[in-house]
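Just below is one structure, and these are the notes that go with it.
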Amino acid sequence: MDLTLSDEHRQLRELARRFTDERIVPHATRWDRDEAIDRDLVPALGQVGFLGLGIDETYGGSGGDNLAYCLVLEEIARGDSAVRGIISVSLGLVAKSIAKHGTEEQKQRWLPGLTAGAELGCFALTEPGTGSDAGSLATKATKTGNGWVINGRKVFITNGTWADVALVFARTGGPGPKGVSAFLVPTGQEGFTATEIKGKLGMRGQATAEITLDDVHVGDDALLSEEGFKLAMGALDKGRMSVAAGCVGAARGALEAALAYAKEREQFGKPIAAFQLVQELLADMAVETDAARLLTWRVADLADRNLPFGTEASMAKLFASEAAVKVANNAIQVFGGYGYIDEYPVGKYLRDARVTTLYEGTSQIQKLLIGRALTGINAFV
Ligand code: CAA
C-alpha cells in the first residue's frame with residue numbers, strides 16, 4: 001500500500017528499510033534466542049537519527065513529524081518488534097515527555113544522551129497491583145527539605161535494566177489520578193534496583209524488568225510534573241500510535257514471509273499459492289495490514305495538524321495489535337510445520353505481537369476508551 005508521501009518521508013523510509021535489512025534482520029533470531037539484542041545497536045539507532053525523531057535539533061534530535069516516526073517504526077518492527085519497543089519507550093514515552101514537560105535544565109541533562117542512544121529511558125508506570133487501573137498506583141514520593149524520597153515497586157518495565165533514567169510515576173497527594181506526580185530518576189541512585197524478567201513469550205530481545213525503589217532520594221530538580229497522570233495519559237496516546245505502527249510492520253513482515261513461502265513451497269505438484277484457501281489467508285492478511293496502516297497514519301496526520309487524536313490512537317492500537325496477532329497466526333498456517341520452528345520468522349512475529357494487545361492499554365481498555373468517547377459514559381467510575 002502506498003499513499004502520497006513527501007520525498008523526505010520516502011528517503012527516511014528507505015533509510016529505515018536499509019538499516020533494518022542490514023542491522024536487524026540478520027540478527028533477530030539470535031537476539032530472540034539469547035533474550036537480548038546486541039547493545040551496540042542502541043548507539044547505532046541514535047547515530048542514524050531514529051532515537052531523536054520529533055525532538056528538536058538543539059537537544060540532539062533529528063526532527064520530523066509523526067508520520068515520519070510511524071514510517072521508521074513500521075520498518076524497524078518488520079525486522080524485530082523488540083527493537084521497535086526500545087525506541088517507542090526511550091524516545092516516544094520518555095524523551096518526548098521530557099521535551100514536552102521538562103525544564104530547560106532537564107532537557108539539557110537528558111535529551112542529548114537519549115537521542116544519541118548513549119543513554120536509555122524507561123517508563124515506570126505499571127505496578128504489581130495496578131496495570132489497567134494506573135491511577136491507583138501505590139508508589140509514594142515524600143517531600144524532604146530539598147527533594148523527595150521515593151518508595152515502591154514497578155513491574156513489566158521495558159528497558160528497565162538498561163535504562164539510565166526512569167520516568168517514575170509516584171503518589172505525592174491523595175488517592176486517584178490527581179495525586180500522581182512524575183519524576184526523572186537516575187537509575188544509578190542508591191535504592192534503585194532493576195531485575196530482568198526472563199522467559200517472556202515474545203519481545204525477548206528487549207530487557208523487561210521489575211523495579212524496586214527503596215528510599216530513593218532525588219532532588220527537587222527530578223520533578224517533571226505535578227500532573228503526572230495526565231502526563232502519562234498524554235504520552236500513552238502517542239505511545240499507542242507507535243505500538244500500532246510497530247504492529248503494521250510486524251504484520252507486513254509476516255505477510256511478506258508467507259507470500260514468498262507460498263510461491264516457493266510446492267504440494268500436489270504446484271505452489272501452495274495456487275490454492276484458493278491459501279490465497280484467502282493471504283488476502284485476509286493483506287487487508288488487515290493495510291487497514292491497520294491507514295488507521296495508524298490517520299493518528300499521525302491528526303497529531304501533525306495539532307488536532308485531538310486520543311480516540312483515534314485507541315482505535316489504531318486496538319485494530320493494529322489484534323490484526324498483527326491474526327496476520328502472524330495466518331502466516332504460521334501458510335508455513336505449516338515450518339512455521340512452528342524458529343528457523344523461520346513467522347513464529348516470532350506471533351509471539352512478539354501477542355503483548356501488543358496487552359501493554360500500553362489492553363484491547364479491552366481501548367474499547368472502553370472508544371466507548372467513553374462515543375457515548376460520553378465513563379465505564380471506569
Ligand atoms: N491526555 C491528557 N489527560 C488525560 C488523558 C489524556 N489522554 N486521559 C485522561 N486524562 C486526564 C483526565 O482529563 C482527568 O483529568 P481531570 O480530572 O482534570 O478531568 C485525569 O486525567 C484522570 O482521567 P480519567 O478519569 O480518565 O482516569 P481513570 O483513572 O478513569 O483512567 C484509564 C482510566 C483510561 C483506564 C487509564 O487508567 C488507562 O489508560 N489505563 C491503561 C494504563 C496503560 O495503558 N498502561 C500502560 C503501561 S506503560 C507500558 O506498557 C509501557 C511499556 O513499558 C511498554
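Here the Cβ of each residue, glycine as well, is placed from N, Cα and C on the backbone.
Residues or ranges marked as domain 'Acyl-CoA dehydrogenase/oxidase N-terminal' in TrEMBL: 6-117.
TrEMBL lists 122-216 with the feature domain 'Acyl-CoA oxidase/dehydrogenase middle'. The DSSP breakdown of the domain 'Acyl-CoA oxidase/dehydrogenase middle' (122-216), given as helix, strand and coil counts, is 6 helix, 49 strand, 40 coil.
As annotated by TrEMBL, domain 'Acyl-CoA dehydrogenase/oxidase C-terminal' applies to 227-374. Averaged over the domain 'Acyl-CoA dehydrogenase/oxidase C-terminal' (227-374), the predicted model has a pLDDT of 98.
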